[in-house]
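Only one structure is covered here, and it is reproduced in the block below.
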């Protein structure tokens, strides 16, 4: 079985990866992939000074069957040079490692054979539980080093961690070489207190308790996926294979900074300067915003840039026919919405480190919190809540919680932050943030002020979680520096009062936007500039997309975001490049053809991008004539690379957005590609090749574009292989978006045409920010080490975003660099500096506050299962690119095994049989199984390579809310919709049917069922459904009259039709892309696609949910 897992350090225990062109890659000795163990310490030559251990504090939850974790002593680092004496870390060159051979003992994740017997049924119980297995005597082999992750992320320096004990998801060491978020807090440390004063009824918790043994017992075998065949796992444990010890890799040489790093920043007043070098192919940007958002301090570290079976599975008969078990309680309640009006908030008298009285008042008396109630996953079948899963609410005082950031914008995988890295290691849960920074908000406070109040030390923006010592001084909640309150800040523009700075909007709202003064500008804000690059080869014209695009542009031309300075331009290409002169004064557009694609030049640079208001008639004439201009073309070649080079040259002086429409594989000129996919190997291959780019041309060009504030959005419309793995780099590294329409054709696929039209309208009219940068700050002691999303890492912690749109999501991984023993809460702040389409320089700031805890049970109580799943999905994409798909699948499975084993070892008091999980993580195994069956990671099923890569792109760049239906679709019964429990939104009544489990067991031929998979909505109609549903909703007389390709519901004047259309419309409004509706019958060709989403059922190549739980139980019980 594969000893594989994720690296939350993104190479901290493995290799570095430069987010840019990578010359002279070196190779390491063969390595051994490692697991999700965050217990190992980072071997530093310059370690931190040790802190004296504090007396342990009481734990948060100690009742019932929960054994409180023993007190956590403070981390004792080796004596040595203090932190300030660390040398700067030079950027590392990317290192590639050959896949290890001879050490792969992975068992493939496949179901038992179809003929295997069902698990035996216990005499007096409908559910079967296997006896508890005791740890055996054999030892686990050393872990394998994690290969480098090649996604859009930031990596820390490589190191070797010996004797790392876990397998699934390797976490960061205690003190990785990352930058400091803030300076050291002044004053003596305070003794941490629990969030609850409750003690165990049996007596006080002992002060010095021997900690429980680690999860990885000497007798525990390797984790791995379930067996290929035979009876379901768990009946007879197989002895673990003997694996030779791993090989410690040689550290990579220290290499001076390469030439692929971004352009040097130009520092505004009062901002720190951090010099980098300029890309080889890009000229210096006249407006580089690297340090407009930077901290006024020296960085400690320097980072490198850079057909499906539909039969129900064989389960125990009792499991299939048992009545529904009592439903598990829903997740903690929803969080507070935004409010633009300032709220009355009593500011605390001192810093967050002194919140103990408020937090101690949150005693939960002597009852077990809902999040920690034990759930036996093998017995509790009905685990899904009736509606959407809400985000957990952090355990904070009410006055802090009511002003905390909305989880729709800022979300943490753990809403209770561990005090130490060793405590986080023990919990085996990933620590990270999910961010939706430019989300469309109904209420957003906007402040116009000549003085934006920030900490003088760490440059944190003033926020609701700072402390006012008096009217003239405030203490930063990230670095604890005391700052003076500016005179202007003493006046409150909302209440028009003086002398109450703690009541200003900046201190009353966790999300706020500033209109930036002149010191945040290096040049006049750029205009909105839009360039459209169109494939007009024969294949593209045949699809008919040009007609749809031109018509959509004509309809939305006046709705493009911008002002009087807005510019627009067009380029078309086949084997030549066609430019269009739209200069004012011409009677009609003028086409200019450049046939030299090896050395592209601009024929008339000044008249190719024109002012939209001044030349609107010429633009409209061009859009009306374009579809006919190439209707008879027989040119089949595609020079996409040269067309992108021309677009870069045209946009470089100003920056802006390039929209590229491509329908085939590029065949001529720079960036030409060859087919790499073998359709015959789609389903049979154990591992999927060609997930990485075939060339770095598109990545290098994207970095050049990013340096000139140009973002490239890619629309791929094709029925054939286009190598999205290579083409996607142009958008991934320039902060662009990727849209994919497989089998697109205007006439033959009307559903895709409808989606393309709807997506285009949203794309053309949505809000946009230009020349943006984003920085995430956190409280002293926490460190950010890996980013996920579409961007370029400009410097240590600065993300370059030439464009930012409201549909872009980001994720970051974190570690605890220094113990948080003297803190009760920590804060995170994301600041996005951008230019609006109206030419205003703006700063949007989000701040989130979370409590610090000192026991494993408290960590589990605050786990956010959806955020954890979203972060793991991004990490799995990186692992698939750099190692293999099987490694990523194994690591996801092992992440679930590790966390449940940790819960059993460190939280539960009584070791009961079964697979036990806390209520807050009861959906975790289901979500992991859903990921394994998701298009990005599934095996054994025919999946086009481009579709798989596109699914991976979505996992990396989508915000969490639209991402979850893609991972775990929602199934509803809709033939009996009522207004009971309905939502009322803008005078509309939205029915809220109950969410059902994704199993054929839940379907019946006398009903109609709707499945929401995010990008598609399936309406499956049973043969014996009520005739009323056919006539009142579908507008047909009976089942046989339902059309084969029905993609729209008729607007009938019936209550049933109104409810159904309102419900589907509500689902579509919750995501940035358009969801196609498919009405299907049993005979429909789309029925296999519908059944493929039944995650809890067994398929020819994947386990059922019950079988997956049995596998987890077998591994956890070792």
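Glycine is treated like the rest: Cβ placed from N, Cα and C.
The feature compositional bias 'Polar residues' is assigned by TrEMBL to 1-11 (among others).
Among the features that TrEMBL reports, region 'Disordered' is placed at 1-276 (among others).
Under the heading compositional bias 'Polar residues', TrEMBL lists 19-35 (among others).
Taken from TrEMBL, the feature compositional bias 'Polar residues' covers 93-102 (among others).
Marked as compositional bias 'Polar residues' by TrEMBL: 126-136 (among others).
Taken from TrEMBL, the feature compositional bias 'Polar residues' covers 152-167 (among others).
Here TrEMBL flags 224-268 (among others) as compositional bias 'Pro residues'.
Look at TrEMBL and you will find 296-353 (among others) tagged as region 'Disordered'.
The compositional bias 'Pro residues' annotation in TrEMBL covers 326-335 (among others).
Here TrEMBL flags 336-353 as compositional bias 'Low complexity'.
Under the heading domain 'Zinc finger Sec23/Sec24-type', TrEMBL lists 452-488.
Annotation source TrEMBL lists domain 'Sec23/Sec24 trunk' at 525-764. The average per-residue pLDDT of the prediction over the domain 'Sec23/Sec24 trunk' (525-764) is 92, rounded to a whole number.
Among the features that TrEMBL reports, domain 'Sec23/Sec24 beta-sandwich' is placed at 769-853.
What TrEMBL records for 864-964 is domain 'Sec23/Sec24 helical'.
Helix first, then strand, then coil: DSSP counts for the domain 'Gelsolin-like' (990-1064) stand at 24 helix, 15 strand, 36 coil. Among the features that TrEMBL reports, domain 'Gelsolin-like' is placed at 990-1064.
Against the domain 'Sec23/Sec24 helical' (864-964), stretch 525-764 shows more Cβ pairs under 8 Å than any other of 525-764, 769-853, 990-1064. DSSP labels the residues of the domain 'Sec23/Sec24 helical' (864-964) in these numbers: 70 helix, 4 strand, 27 coil.
When DSSP labels each residue, the domain 'Sec23/Sec24 beta-sandwich' (769-853) comes out as 0 helix, 58 strand, 27 coil, counted as helix, strand and coil in that order.
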